[in-house]
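Notes to accompany the following structure.
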Amino acid sequence: MQFGCNVAEAFGLRRSGVVLLTDQSLRSMPLSQQKKVEIILDGMGRGSQAAQGLPSPITSLAFIRDSHHFLFLAVDEDQCLGILKGGIKHLFMLDSQNETHEMDAMCCLDFYTHETVQRRGIGTRLFRAMELHTHISAQGWAFDRPSPKLLAFLSKVYDMHDFKAQPNNFLMLDASIRLWGAEFKQYRRSKKHYIPDAYLLPETRESEYLGEAELTKRTLIRKSTAVIPQTKTTQSEDAPARALTADELLSKRSVVLPTASRTPSLPDQPQSVAAAYMNKRIEGAGPSFEQYMRDHYGAKSLIVPSEIQTSLNHSKDSVSQEDMIQRQRQLDRMAFTLAREANARGSIHNTVGRGVICGRRG
């Protein structure tokens, strides 16, 4: 689709490639550049509306700027070839057993390639760019009102089919519904989001699919991005990848899900102090909570509530780490109490369980 201006130049490209737009990148643009981008996004939004038969456009500059959604665009000099909009949505989904699962899932909210450039790998390149940005395979996404063309694309490229109709018009694989539902139950306890390992993609540089690229070259179609468990029997490299069952996916572990407002990073995190204490055998009454905090955090990073500073003779200088807020201290006190009781009963190793919060595992 042409707009009477150099589309690539409006997004900072020399000729062609894939660009990523977020609310932050739009707000940082000069006003003159925002006007050009607004014309392009409004035009592509109307094209998507007409192609999908929607009553109104669902993609525009205002929608991206005023939300935490993000948008990928494939551009070639003075043309915009396609768009892919994504973001996290709070959903209620039904699995194959008609059980309801609450979740915060990664969603494909709008997908459109211009009619003149379809079947040239543009859609595959856009999907791959979003996968690298979110580190989540498309097999773990939910799709908002997918068109017949999108369903055919998912079946061909990702071997995704047999979706169950949902009241909210989002479609998702049954295994994904169960996995994200289990993740949200754990989120209610730990307040940490997780990506199921079955849909986690490894850390990869995005430069292959973002920025300058030759879009006339056909992108290699990948049949599956799901993680296949290693078996003892060796398989031929040419053999087709077997799709995981729901039970196999549910048996896999999880890693921390980063926020959607920035590019994900999954650094290793140390074991929590509460879990470390629970793994220790305590003889007798054991140390006090204040001594326990000093042993694990150190005197300089120990936060001392104002009501006990005088009685314990702590100086104001000992409060130096801002992120150790009072709420975390209260949670540590609760964990300390439970761990001491468990140690007193002699069953420390049975109490560690799911309470350990860690980074990338596996």
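For all residues, glycine too, the Cβ spot is worked out from N, Cα and C.
So that you can see what the record holds, here are the features copied from Swiss-Prot:
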type	residues	note
DOMAIN	1-177	domain 'N-acetyltransferase'
SITE	Gln52	site 'Crucial for catalytic activity'
BINDING	111-124, 147-156	acetyl-CoA binding site
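For the pair formed by His114 (acetyl-CoA binding site) and Gln52 (site 'Crucial for catalytic activity'), distance between Cα atoms is given as 12 Å, rounded to the nearest Å. Leu154 (acetyl-CoA binding site) carries a helical DSSP state (H, G or I). In the predicted structure, the domain 'N-acetyltransferase' (1-177) carries a mean pLDDT of 90. Note: the Cα of Gln52 (site 'Crucial for catalytic activity') and the Cα of Pro148 (acetyl-CoA binding site) are spaced 9 Å from each other. Secondary structure at His114 (acetyl-CoA binding site), taken from DSSP and collapsed to helix, strand or coil, is coil. For the binding-site residues Val117, Leu151, counting C-beta atoms within 10 A of each C-beta gives the highest total at Val117. Around the Cβ of Leu154 (acetyl-CoA binding site), a 10 Å sphere holds 23 further Cβ atoms from the protein chains shown. The DSSP secondary structure for Arg120 (acetyl-CoA binding site) is coil. Remark: Gly123 (acetyl-CoA binding site) has Gly82, Leu84, Phe111, Thr113, Phe153, Val157 as non-local neighbours, by Cβ distance under 8 Å and separation of at least 6 in sequence.
Cβ packing within 10 Å was compared across the recorded positions Gln52, Phe111, His114, Arg120, Pro148, and the lowest neighbour count falls to Pro148.
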